Amino acid sequence: MSLPMRKVTLTVNGKRHDPLDVPEGMMMIDVLHEMLGLTGSRLGCGIGICHACVVIWDKDDKTSEEVQTCITGVEFFDGKRIRTIEGIAETNDRGEVTLSPVQQAFLDKFSFQCGYCTPGFVNAATVLLERLKRSPVAKAEVEATVAAALEAHICRCTGYVRYYQAVRDVILATPGLTRDSA
Amino acid sequence: MSARRLLRWTAIAVVVVAAALAAFVSARLLSGKTGGPVQVVKASPDAVARGKYLAEAADCAACHTAPGGASYAGGLGMASGFGTIYATNITPDPDNGIGRWTSDDFWQALHDGVRRDGRQLYPAMPYTSYRGMTRADSDAIYAYLMQLRPMKVANRITELEFPYNIRLGMLGWNLLFLTDDLPATSTGSSAAWQRGRYLVDVLGHCGECHTPRGPLGEMELSRSLKGFALGRVAAPDITPAGLAARGWAPASLGTYLSRGIAGPNSAFADMHRVVVLSTRNLTADDIAAMTTYLLGDKPPAPAAETVGEGNQAGRTSYVALCAGCHGLDGKGIPNTIVGLRNNSTLRLADPRNLIVATLDGIGPQNFPHRMSLPGMPGFADKLTDEQAAALVNYLRAAWGGQKPDVRPSNVQALR
Amino acid sequence: MSGLSRRRLLRTSLLGGIAVYVVPLGSRAYAALVDDRLLTAPAVDNGSLKYRVDGRAKVTGGKVFARDIRARDMPHWPQQQAHALALRVTMADRVYAGFDLSMLGADLRPDRVVTAADLARDGFAFPDFYGTDMLLPEGKTPAYLGQAVALLIFHDFARFRFAKDKLQFNDAVIRYGAVTGPLQRDPWGAGRFVRVGGKTPADGDVFSSTRQAPLYISTYDKHRPAWPKPSRDGDLGEQAMFYAQAIDEELTRPPADWLVVTRDYATQSADTAALEPDNANGWYDAARQELHLVVPTQSPQEVAEGAAGMLANSRLGLKRLFLHPCFTVGYGSKDHSPLPYYGLIAAAYGDGRPVRLAYDRFEHFQAGLKRHQFSMRYRIGVDRKTGLMQAFQADIVSNGGGRANCSDALTMVAATSAASIYYFPKTDVAATAMSSRALDCGSARGYGALETLAATEIMADEVAGELGLDPIELRLRNVLKTGMKNAQGAVPVGQQRAETVLQKAAAHVLWTGRVARKQAYNAANPGRYYGVGFGCIQRRFGDGAQCSLAKVELSADGLITLAHTGTEIGTGTSSGQAVACARWLGRPADVLEMAATDWPELPVETSGNPHAMAQEEQDRLAKNPRWVPAFASASSASNSAYYFTHATQAAARVVFLHGLLPAAVAIWGREVKPEAARWRDGALTAEGFEPLPLARLASDAHARGLVTGATVHVFNRWQWAEAEFEIDGARVRLPVDALSLRRGAAKDWRVLDRRAVFLPPTRNNNAMVGYNTCVGTLVEIAVEASSGKVLVLNHHTILECGNMLVPELVSGQMQGCLASGIGLALHEEMPLYEDGPGNGTWNFNRYYLPRGGDVAVWQQTAEVLPPLSDSEPPKGMAEVVMIPIMAGIVNGIAHAIGHRFRSLPVTPERILKVLG
């Protein structure tokens, strides 16, 4: 086979994958699914609309951002650190899993049904919480902030209400994410 | 909306006019009217329909309808370096709109840039182009507007700082720059060409964005339609030579004006609004007339498609960030993603729009006939100036037939 | 290959000579096969469910979907995953003349190409249900747009991916020959439901589907139904037409005090847009003559039977089929979907490698089952003075596209649902399921009723408007009350609660305040026009032949195991069934096995078509005590809450009555009536006796050899089958038609042959409507005149659904359905033919799905009517909630701008056209 190949180094969920040989032009979602066995980042549309495939890009400046893996080539992630849905919960040495506050809230509130879009919502909400930690938002602005952060994500089962409410409640219950006044 | 008309003219116009002030005692100012009877306009349905068509051709809504606001009730703000100018309510509301205006008053605003109260309009209102409108067309638009539902939406006060807020200053500006005829930008004599000239130069007021502006904010008529950056996204050169160099022919241009998408090209930024609000509504004959005028009775041959070699660093970024949608070969996806091969924006000599699109992205857009394009993410935080310049150079060289001469500083300047 | 040794743990059935093992991913059986667990034990808080049982896996990105599975996840499969794609035609008006892969060059050539010729040679053909030409042979005109012509198989992912890049959207791949025009074919089905009631709703019918018969025809004239000639004294069909003609004449020349309103309505072709695109992954092991298939399906039983039949008819000589149904989501599109069979074919030609056939969104749009497009002409005659509706005439045409699938049945459901919550003395509803070159349509959420009911509710407002009546008042005057006959002449089961829903809506502030709110809103928002609309429907759930098996077992330490034939489709079926055990066992099941298909505990036999069999045939077959009218139903038709729960609770009840209660009575030392016993905090108590924890009772039941496990089969044809069994020396009548028991710690199950059986009569098939759920939605909208957008400001939904199993799941279902209804009312739409999804270029850019900002996410409210009693069963409610908001939005737009839209969706372009 004579496809042009590239070497990329990825750090996924804290694990460094030393140079992977990938064909030029492979999308990140395909590398996650077919090479790394991480299938939680889901293919919904393949053209960057539905956001079921987003991962979290941890930037060097300590900020984080959602990136759609269905339209972003693996080359972009060369040398970068990302978190996928499989790396959001914490697993201790004994293999016990502690869900993140967002995951726990989605579970508590029955936020999802089929769960196909859930990884995208978890990652979007996680990025939002991390942003609010750096720059808190007025309590009165929380609902609008949640809506803006999740608006791009498509859900077909539960009509968004339980996702949005869960994220709002986590934000309001987490010290340091909100301010009392504008 | 971004600054559709960056009001550079205000700066110097005021200086000019400060000198001229004493010389001109405005008869018009003295003749200004307030109060007066509410006008009742009777017009046949046909006349109203014609007025509606003309109002769309003149794209009145682009400024006089604010996003989310009532139709023609004004409120759209146009930012300038000197403050913000707000388009006014032109519904027939007697107190907020033009309910007391006569067709003469309306004509005076379109033709001379003077409001019913005698005060000068700023040329954010393109009377500089509308001046060529026939009285009959002005009356038809007036008749249409006067039968709209009156909207009680107060006009926002234009927020220009002193001395730019002296409207009288525009008298001198008009004396210098207001002209009856805009020069033709193509060669032709056919009826279609004549009609097209009227649609492009007068109703469509294309030159207000596409013609470069001089130091006083005036249209530089010697360079009509040669392209200008009033706002963040530049209006490109739409002279016959400029269009042909980017591969435009009458058919593709007509498709673009009526549907907003033609081959690898889709309207974005302000031009998207122009298509959606204005040109999509035009008849096939009028679209053909516009393309006839824009390209001339004898259109120049469109430049052939070119494929070149791009730089490797740029290609790496292309593969990483762009190929997922636009394809490794730049062909895009039918009905979904525009192609980049010979895309008009890549074929512009000025890299500005390509840089801006790369940095800012383009939001999801709806087009006529239920067509929609998904949003394109911006890559401002994913590309350094060097990477962005390399990417833009790759695109220009590979599929635009342009020199890869963009420097990181060009990108930096647009961040 | 370690898993293979564990096969003895798996359960088998023999279909067409092939041993079929159905092993759902995430099941205990699968865990035994590959050491994996996806379902967590239910977390219980005070007897109610804290989390969905599949929640943890889903929220951590676990491999729960078939889409997530690769060869490497199947330890007993070869690890090299091959990938397949389908080539499809994008034109259906000319001859298909082969394909051209030259653009792939040598590098990207597929390793295997499968065409119709291969299938013919190897004896592969679709199960009958799906029709012919699984792959279209060269030289034929495609039956429909998007029809598959070939499968290309690549042994590695990279070449698959880059070859697909070159083939997809490439018009040069498929070659065409002469233009023939599209195929013209007869409809997939046509039927007519005529009723002329007696003097009052309580009197016997003069003529009705239930009393006489529905009219189904199979003769067509120029592809249109050839209805029989009307005759009062003719056969039943001719009689039906006689009464239909009389109704038509009365509506055409109505009495002076009648108002007759005639309207045409249309609903759009749509995609259910399940986010998981269709897929399958299969491995054909030629050495062992085995085929393994991982599939997302709402109907694993159907796939098991279909696949086994298909393989048995082939020249493959297969011995064993392993089917792994997964958690999935389809909203009907993965019920009786052809995709698993394409996956099977791909696997069969995998040259020993597992082959994955996974559509991307473009392909899913091009190949997934679609929602039927409907056109409806309705005529209603109403008495001007009383506002009472007198006659309803409907001509309903659905477009079923290129394959029959369920179009016929679905369209008959559409027809028999159309009268909704209203009582009409006379009805004539004719329905035709057209064939066309559009994509094949399936059982999309609502199953036909969504379309006809939405139209009925839009029309109700139009009739009210013509009469000058308040729309809810008109509905109240005409609402079907308990005991009244529906349009088929059947009396719906149970108390009819539409009236209550209507009364609640009429009193709600969104309705009572609508005039004042409109004034205030319009004044405050120039250019926007406020409106409030309402819709109220009732919708049957189930399909007239609902059946399932459930097994409830207690271990000696009180662990509850539930096995059920129902499949989890994302709606929470598994959670709901776990909880359903609590009524009799004090807490939800601890261990769940959903989608179980093999039941050695209770080997039942089935034959015949439960929808169509004659009474004599049923009577004859029922003499065999192991015979049941049908085996197990797919997860669809909103059936889990009511029908699946019936099986679970019937089994749990037997364990309670014949295991736990006797154990408790022995400890307490006194006889206690079952209804006096109560579960409190996981312990059984009665009349002040010592509370006995489940574990103690279970251990006691095990020790005493009492019943510790019950497996039941249940059947419902608009009423439950019942049978008598002898248990502990007493004759017991149970709402099941087959039963087996396990006693004490015994491993073996004993089947109790029924002593008598009371199957619902076959004439119930004519009624077609038995159980209803009712829902009404008030919706507050504003039309933005400049853009034509409709803003959904708020909505309030009133639902009755009996006792809720898991209230959080019910509310989540409602919220999801409301969003879907908003999508169909305002956004979702595709052309049927050449510009439609068959061209392979459709995705979510043009097919807009509602986002959070479109559904009044922070404002919306809902209420669920309290159940009539503690023992009222839970009722199916999923898809019904989609419907009233669709009509409510259209009615609200009429309130806002005075224009009544009659075709969906109401897009900005259509609004702008009206506003001028």
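Any Cβ shown, glycine's included, is placed from N, Cα and C.
Residues or ranges marked as heme c 1 binding site in TrEMBL: B:CYS60, B:CYS63, B:HIS64. Residues or ranges marked as heme c 2 binding site by TrEMBL: B:CYS206, B:CYS209, B:HIS210. Annotation source TrEMBL lists heme c 3 binding site at B:CYS322, B:CYS325, B:HIS326. Sequence annotations record features per position, and here TrEMBL assigns domain 'Cytochrome c' to B:46-149, B:191-298, B:309-399.
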**Asked** Taking B:CYS60, B:CYS209 as the binding-site residues to compare, which has the smallest set of other Cβ atoms within 10 Å?
**Response** B:CYS60
**Message:** Validating a neighbour-count step here. Other CB atoms within 10 A of the CB of B:HIS326 (heme c 3 binding site): how many?
**Reply:** 24
**Request:** Sorry to bug you, but what's the C-alpha spacing from B:CYS206 (heme c 2 binding site) to B:CYS325 (heme c 3 binding site), rounded to the closest Å?
**Result:** 32
**Asked** With 8 Å as the upper Cβ-Cβ limit, not reached, which of the binding-site residues B:CYS60, B:CYS63, B:CYS206, B:HIS210, B:CYS325, B:HIS326 neighbour chain A?
**Response** B:CYS325
**binding-site residues compared (B:HIS64, B:HIS210) - the one with the fewest other Cβ atoms within 10 Å** = B:HIS64
**Fill in**
Across the domain 'Cytochrome c' (B:46-149), DSSP labelling yields 43 helix, 12 strand, 49 coil
**Per-residue pLDDT averaged over the domain 'Cytochrome c' (B:191-298), given as an integer** = 96
**Message:** DSSP-wise, what's the residue breakdown of the domain 'Cytochrome c' (B:191-298) into helix, strand and coil?
**Reply:** 60 helix, 8 strand, 40 coil
**Message:** Quick check: which same-chain residues outside B:CYS206, B:CYS209, B:HIS210 lie with their CB within 8 A of the centre of the heme c 2 site CB atoms?
**Reply:** B:GLY204, B:HIS205, B:GLY207, B:GLU208, B:THR211, B:LEU225, B:PHE228, B:ALA235, B:ILE238
**Item:** Distant-in-sequence Cβ neighbours of B:CYS322 (heme c 3 binding site), under 8 Å, six or more positions away
**Value:** B:LEU340, B:LEU391
**Complete:** Rounded to a whole number of Å, the separation of the Cα atoms of B:HIS326 (heme c 3 binding site) and B:HIS210 (heme c 2 binding site) comes to 28
**Request:** Please work out the number of neighbouring Cβ atoms within 10 Å of the Cβ of B:CYS206 (heme c 2 binding site), leaving out its own Cβ.
**Result:** 26
**Residue pair B:CYS63 (heme c 1 binding site), B:CYS209 (heme c 2 binding site) - Cα distance, angstrom, rounded** = 13
**Asked** Other residues with Cβ within 8 Å of the Cβ centroid of B:CYS60, B:CYS63, B:HIS64 at the heme c 1 site?
**Response** B:ASP59, B:ALA61, B:ALA62, B:THR65, B:TYR72, B:GLY74, B:LEU76, B:ALA87, B:ILE90
